[in-house]
């Protein structure tokens with residue numbers, strides 16, 4: 001009886017812990033994460049204080065923090081080739097990182113670190129030197145900065161069959177030396193690394209290449225982590241938020257369902273299908289059943305995005321900043337529709353897959369610069385600073401915890417819907433105008449369209465819609481309008 005009771009208690013504790021790992025620990029009504037890809041720590045700290053906090057962003061996903069290999073030309077992917085767990089990269093050192101986390105937490109913006117638990121660096125001719133000056137011999141699986149040696153890795157093999165679980169989880173992903181997460185030593189070093197980040201005040205982790213690690217091994221690692229730091233404002237017993245990179249197109253041998261109980265999972269099908277729709281390959285009317293109706297994960301288990309730092313560089317349906325009108329429309333729908341844990345992308349300009357972040361002649365990452373409108377101008381794209389995107393972050397905050405209602409469509413790619421009695425979105429992805437009296441569900445009054453402008457000193461700088469006593473308003477979105485979307489909410493009422 002005692003053994004049975006103990007087993008039940010352990011199961012309940014484990015279940016509670018994994019459920020807690022789905023909680024992103026947002027402040028108030030905030031509920032959007034931004035990925036400030038390759039930004040420096042001091043620039044992120046300033047952005048939290050000057051822009052993200054004031055505009056209601058909930059958190060930042062930051063690039064990998066651990067020491068990485070130095071590759072010729074400094075491509076972005078060198079950050080995904082660890083040399084040690086020292087917190088020194090081109091984004092800054094441990095002191096810079098700790099200062100950034102503290103300053104962002106102070107203004108209600110949480111930090112989530114992209115962590116590399118699957119592997120170390122790939123082959124390198126001779127001795128490699130990392131960003132903290134640590135030497136390693138990746139070809140010999142020798143990483144004295146941790147330290148790891150050959151016995152801490154799976155035997156080298158190439159992934160040639162993506163339907164072979166053994167290859168996917170024990171061979172080398174694009175030649176990266178594959179750690180053995182079942183090893184007590186490897187587990188201890190990974191837990192030590194993550195716990196140190198928790199001590200510094202982070203709210204959670206994006207786990208890179210999660211599908212290439214056995215779910216049981218990850219479960220052990222996650223459950224062994226410390227609670228979040230109360231010194232950084234987290235409540236007692238708060239668990240780190242976990243979201244895991246698992247690419248699953250629905251026919252994978254290693255599936256997302258093996259990981260979604262451990263934490264949230266990146267819902268790549270969301271990205272692909274929203275790109276298809278707003279590129280015109282699917283009528284928007286079908287988005288009424290968006291989310292689980294499309295076979296996606298349950299809302300609280302799905303990390304959703306229009307694009308990420310990987311797939312924005314690939315050919316195909318995925319939208320990126322290079323198709324700005326469609327990208328802004330897709331992002332508006334993403335942030336308005338009540339599904340998923342939302343993350344928006346903040347990129348730098350690229351011409352090919354390997355393009356480095358903006359850097360100077362000494363290969364130091366440069367800080368973003370802004371024009372009079374607040375947009376980035378020196379190689380950083382900063383989609384999160386586009387009015388049409390940060391305004392939708394505010395929309396998402398204003399309508400939090402409301403249901404979708406009053407879906408309307410024209411039988412093709414003009415749609416609208418309400419979020420309770422707090423918000424309304426209309427989209428026109430047809431080649432002809434949308435001109436229609438539509439149910440907005442809003443109280444009577446005049447509302448500013450937060451896509452084309454904003455509410456300033458009691459008046460609208462862009463379009464406005466007058467809502468009558470029955471909740472109806474006349475909506476016009478021309479086919480050649482700069483933006484193909486209109487958004488109203490209660491915090492933008494004149």
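The backbone N, Cα and C atoms fix where each Cβ goes, glycine too.
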Same-site residue for chloride (record: Swiss-Prot; known: 206, 343; options: 237, 308, 311, 378):
308
Can you tell which of 161, 178, 180 Swiss-Prot lists as binding Ca(2+) with 118, 169, 212?
178
Return the count of C-beta atoms lying within 10 angstroms of the C-beta of residue 441 (disulfide bond), excluding that atom itself.
20
Can you tell me whether DSSP puts residue 48 (disulfide bond) in helix, strand or coil?
helix
What's the CA to CA span in angstrom from residue 310 (site 'Transition state stabilizer') over to residue 169 (Ca(2+) binding site)?
20
Who sits close to residue 169 (Ca(2+) binding site): which same-chain residues at least 6 apart have their Cβ under 8 Å from its Cβ?
211, 212, 213, 214, 254
To the nearest Å, how far is the Cα of residue 157 (disulfide bond) from the Cα of residue 178 (Ca(2+) binding site)?
9
